[in-house]
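Right, one structure below, let's go through it.
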Amino acid sequence: MRTTTTKKWKKAETTKQPSVTLFNLVPGETFVFRVRAENATGQSEPSEESEPILIKALEKPAEEPKQEPREEESPEAVDYDSLDSTVDLSDRKAIDANRLPSDLEAKYIICEELGQGAYGTVYRAIEKATGKTWAAKMVQVRPGVKREDVLHEISMMNQLNHEKLLNLHEAFDLGSEICLIEEFVSGGELLDKIMEDDMLMSEKEVKDYMRQILQGLEHMHNKQIVHLDLKPENILLKTKISKDIKLIDFGLARKLDPKKTEKLLFGTPEFCAPEVVNYEPVGLSTDMWSVGVIAYVLLSGLSPFFGATDEETLANVSAADWDFDDAAWDDVSETAKDFICRLMVKDKRKRMTVQQALEHPFIKEKEKALPVRGQLTPQQKRKFMQLRRWSGDDLLPIGRLAKRGAIFRQQSMDGVFERNISFDGDYPPSVKSNSRTSSPMWVISSRRWNRRAKEPQKPGAAPSFAPALKDCSGKLGEKLALSVGCKTEVKVEWFHNGVKISESDENYIRKQEKGRYELTIKNVNMSDEGEWRVIGKDAVGQCESSCTVSVQTPDGFMAPTFERVLEDVRCEEQELLTLSVKIAANPAPEITWYCDDNEIKHSDRYRVLFDDDKREYSVIIVNAYAEDSGEYRCFAKNLAGEAQSVCSVRIEEPEDKRSRKIDESKAPTFSMPLSSTREVTEGAEMILTCVVTGTPYPKIKWSKDGTR
């Protein structure tokens, strides 16, 4: 977007939806908008410009107190690195999130905007009492951002006090806004540093940054707080020339509580641990997986799990399948690889703790040499740019907290997915000793792991599923995907309660991509409960996996129940015969009538009636004759289940009619039999005709070669 008085275009917002609502537009200004689309392949040209749109100023019912004028400093004239933004950790004051003051402008001068999003803005602020510079994050409390989420972030930051963690200085409640006064950081992201230098980091640089990350994380883990959102975007440099880092964004951070379950929105799936993706309990070890992925990215410039789509990325993380095969790893030491191997372990019980990671030779031992890494190739740059999800419109990277901070996340945003998270206690150490023993003990395990990662499956080995099926539940009426992974190509067959699922069954969607085999149930109903099994076969052997699927019934849903059932009928022939039932169900059921297993369709002979309001359903037989006798069945089905009611109907002819028919009865006779020989051209239509008489009128049956 841009104003009509300027020619410079500015990115307003990024969304997956075809529409977006913009906030914080300056009243009285006239704006022009245009749209462009982008995906992993590239970016389109911008659309035509919109008509100029004037933002009208809202009239306020009462005059508000005058605000002190903001400093009129030109952003280009401010040397942010030279500003006094030091934090005295010993002077930390506790913040009561339930009793926040409102005198923001009495204590601070609000300066230029550093970043802006749909629900918040980050400004530079100067504390009047000390002259120190801070970042003021203004959060608009509205349906898109819950007040309790903002107060939770304040509560988490209030418990943390470490030089490697972004400091919360004060917080203010301004009614429709909450302001967080946070430590001012003027440096960029770690990923930005790689792009600026145009080459991969040396191991010494990565070691220094990872040590600082672990030191900040150790402070959190000692307080039983898990970050849950560790990624390069949430690691900022203190200044542009500094090598000191700060961990930021504690919107997802949680105190471990095994009795608690929370619904959280995660972002950037390639840095999430498998237990997050697979709906398993999380703990302190969840952060350690993310530390391993960050180290992998810094050393290689590659993401081990990045896929063409978010769904593919989540599948890659779930499988936890990664390697050191790329040429970028050729000049990386075995010690560095071992460090990553001991963190990126799917079994969270076997990952290093933060204390063990700080004792690892890669972090603790001094670098013997300083090998120069090569420059980024064009292909590496392209892959590397895909990792940078942030836009570059903000004055400073810390300003991006107003747009992509955890508390501002919406499910419509790129890379965002929802999970119900439960917590477990931390696991005991998996490394027997933390002492500085000889380096080879660590490196050997790395070499062994590396060979396992690179070795193809031995010829003659039977296939195996990894990941395998896991017990799961689906919601009525929604989709449910079952998937397995296999490194070798196999032919898969799916079974439900022992019955094979036909490949032509339109109730399911089959998908096979990059060693991942998936079966999606298009519309889950109660009949989908039970055991599901998948069998994979190749020329060498076969493998299988099974799981139990349960179906969740939404509140208020009820399977059909017959309040009035069908009753047996014995009567004489009559003009109208009505069979009716009354059914309680939610949602309203689908009703099917049968006579001797033949479905009854609405016609001149049968009137199928229903009244969902009264919950009454019936079928009327017009001119009910003796030949209409049989077993009648009403079958009711909805998303929650099914039920049926059965009765016997016996219709007899009147006595006088029966005696008259006996007197007048005649055996069936073919007055025109079928011709004995017929010649028909292949593919042409053939009509067989005969005439038969008899009293009562005979029933006709056709057969071919003795088969009806």
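We count from 1, first residue shown onward.
For all residues, glycine too, the Cβ spot is worked out from N, Cα and C.
Over in TrEMBL, the protein carries these features:
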DOMAIN    1-58  domain 'Fibronectin type-III'
REGION    37-83  region 'Disordered'
COMPBIAS  70-82  compositional bias 'Acidic residues'
DOMAIN    108-363  domain 'Protein kinase'
BINDING   LYS137  ATP binding site
DOMAIN    560-652  domain 'Ig-like'
DOMAIN    668-708  domain 'Ig-like'
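Residues belonging to the domain 'Protein kinase' (108-363) score a mean pLDDT of 90 in the model.
The C-beta environment of LYS137 (ATP binding site), restricted to residues of the same chain at least 6 apart in sequence and closer than 8 Å, consists of GLY120, THR121, VAL122, CYS179, LEU180, GLU182, LEU401, ALA402, GLY405. Sorting the domain 'Ig-like' (560-652) by DSSP state (H, G, I as helix; E, B as strand; all else coil) yields 3 helix, 66 strand, 24 coil. Across the domain 'Ig-like' (668-708), the DSSP tally of helix, strand and coil residues reads 0 helix, 12 strand, 29 coil.
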